[in-house]
Amino acid sequence: MELGLRMGLGDPPADYGSIAAVGLFVALICVCIIVGHLLEESRWMNESITALIIGLGTGGVILMVSGWKHSRILVFSEDLFFIYLLPPIIFNAGFQVKKKQFFRNFMTITLFGAVGTLISFTVISLGALGLISRLNIGSLELGDYLAIGAIFSATDSVCTLQVLNQDDTPLLYSLVFGEGVVNDATSVVLFNAIQNFDLPNFSSIKFLQFIGNFLYLFGTSTFLGVGAGLLSAYIIKKLYFGRHSTDREVSIMMLMAYLSYMLAELLDLSGILTVFFCGIVMSHYTWHNVTESSRVTTKHAFATLSFISETFLFLYVGMDALDIEKWKIVGETYSPMKSIALSSTILLLVLVSRAAFVFPLSLLANLTKKNQAEKISIKQQVIIWWAGLMRGAVSIALAYNKVTPCV
């Protein structure tokens, strides 16, 4: 009896640290939601910036409380990002997309997102090789410069989309949104290919194999996502889940979407592309085979999961920006002027790389369109160029993967 009482519900949990960390993040996400709601009408602040600032403030408090040892209570995990946080963000992007505009501009989006990313990757890699190598920041190999090109080719269009209206500027919204998603997938595929590429034995044949593998991954990942979306629509239509339970309909949609992402990762494909196109197909076919209550539930459930994942990520980045250990390494390795020169060089390369493909590819896309309303004006080209200057979730994860794999 005494043993039973000691092992009862009143026993304290084994790991207080993990519970405290998760509890703090949940509280901070609540604060971000409240502050974001109050600043909803502001064109100068959005959820991402709000989460970053709150993360910086919290990181500063933790830094002082810990005796200037660290500024975060969770350790970044690549698995946490790619397995749990990224899938709902990308799936919701595909699920909520205005399909008519997206597919009407699909060729232009592919030009910007795939070809444009390759151009951006080339410009940044060559620029880094020519400029950063002269700053004497350490012994970097060719693979490091190529990794820099892949990391800084990944854009974050979320911030821009929050100040664009999908109904007022359908063409511009579609192009910025579509490029952002395809760009993320392309950057991840590029980065993974570089990590596994045998650079010392580089040859023209291996380069062609690299391009072939890239196109194979792109096509196969897309096909897998479409297949998973169609399969979910078929299952729900044939088994009539709606007659019995809305919960089952919502569950099968969520699990099939997540399964498509995990299957793509297991097959070494692009999970981002797979789950994105799975979201598009589900919103067009599966969504119309479920009950009205299931439609409302899925629409808001996927949007909520995506929002929480993004907020969590930017909160962590805000905290990690004050990581004293990383600043010590930078301070011991580089002088302040060298750090400023490095940051300025990367920013310049990002500016030039965006311009190197946005304006030429826009001209090429305009030549294929007869309707003047569908052509990309010079003002819209400038907005697309500017929209891609920000770096977000994918760049963060790739940078952690390359620079601090053990952190």
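Backbone N, Cα and C define each Cβ position, glycine as well.
Note that the coordinates shown come from a computational prediction; the quantities given were computed from them, not determined experimentally.
Per TrEMBL, the features are as follows:
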- 29-400: domain 'Cation/H+ exchanger transmembrane' (DOMAIN)
- 16-39: transmembrane segment (TRANSMEM)
- 51-68: transmembrane segment (TRANSMEM)
- 80-97: transmembrane segment (TRANSMEM)
- 109-133: transmembrane segment (TRANSMEM)
- 171-194: transmembrane segment (TRANSMEM)
- 214-236: transmembrane segment (TRANSMEM)
- 257-282: transmembrane segment (TRANSMEM)
- 302-319: transmembrane segment (TRANSMEM)
- 340-363: transmembrane segment (TRANSMEM)
- 383-401: transmembrane segment (TRANSMEM)
Most Cβ pairs under 8 Å with the transmembrane segment (302-319), selected from 16-39, 109-133, 171-194, 257-282, 340-363: 16-39
The transmembrane segment (51-68) touching the transmembrane segment (109-133) per 3+ Cβ pairs under 8 Å rule: no
Winner by Cβ pairs under 8 Å against the transmembrane segment (80-97), considering only 51-68, 171-194, 257-282: 257-282
Contact set, same chain, for the transmembrane segment (51-68): CB under 8 Å, 6 or more residues outside the stretch: 24, 28, 31-32, 35, 310-311, 314-322, 324
